[in-house]
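According to TrEMBL, the protein carries these features:
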- 9-55: domain 'F-box' (DOMAIN)
């Protein structure tokens, strides 16, 4: 005979708080969010900064990207009309013209397959950067905003300097020291000089800061990578022998030499709060270097070398799993590959029944419950 709901609720309430905490940590963010309706105790636990931080550290990386859709879809969350931070607002009658909608690619490593999921959120123009499950993006009118696709909370931001040439780069970073999120805008002005401005989500104001030396940035093709409150850029697309960094607290740019000169497909990636440089040396060999922090300096240490007996030209590194075992590559717009560093094997990832990964730009993302302020509730 089934237990009554009242009896089940009483039995759950008898579980130790620490045990409930640990059980909930095992669940994906989208399921945890539903459990805030179980009772006030769970709601308080799930919305606590301690739980959100603990859950975020367990989240594995996914890829997020934009894709057009044209069909009329009911109950679509449109970021152009839902800008008042309400969790349950939807556009009941979305227009039938084409929109850019966000999608997520979740990986099942070792089995070499991935699934594309649809959060049903539309109205994007561009994704600019991601950090801890938050996305810095623009809507179709060009308005800057911060969005958590899991909680569907969004925060419109004031626009910074408008760059007509689009010769610019946005970064989004969390400072462990100040516990604040900041957006960074680096752009080339009409005179050809590089300028910089920063927006702190605590003040919601753009302010000027230290400007990089002339010629330090060649172009803004590569998106910056953030780790431990520092942003890193590859300043050009090819034949670059240094990287640019910006400490978000000091708000100053600096230059650091790379261990090898870059090629077209070389990239910076983050893993375990460490910066990694993935470089293709020959058509058969890829090297991975890690930037280690000592007391007074930072040095590049060779992490591993990938040697294959066939041509691997065209593989572009995308991200590394948190445990450092798997490295994900994209081959132009054709396919996704994963390399197992323990087994030293490369394999093609089957995506939704071997569907090609044909999207121009993808960002690493975490499905978290994070908000831009620890005092901001989830709902």
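From the backbone N, Cα and C atoms, a Cβ is placed for every residue, glycine too.
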Could you give me three numbers for the domain 'F-box' (9-55), the DSSP helix, strand and coil residue counts?
37 helix, 0 strand, 10 coil
Can you give me the average pLDDT across the domain 'F-box' (9-55), rounded to a whole number?
83
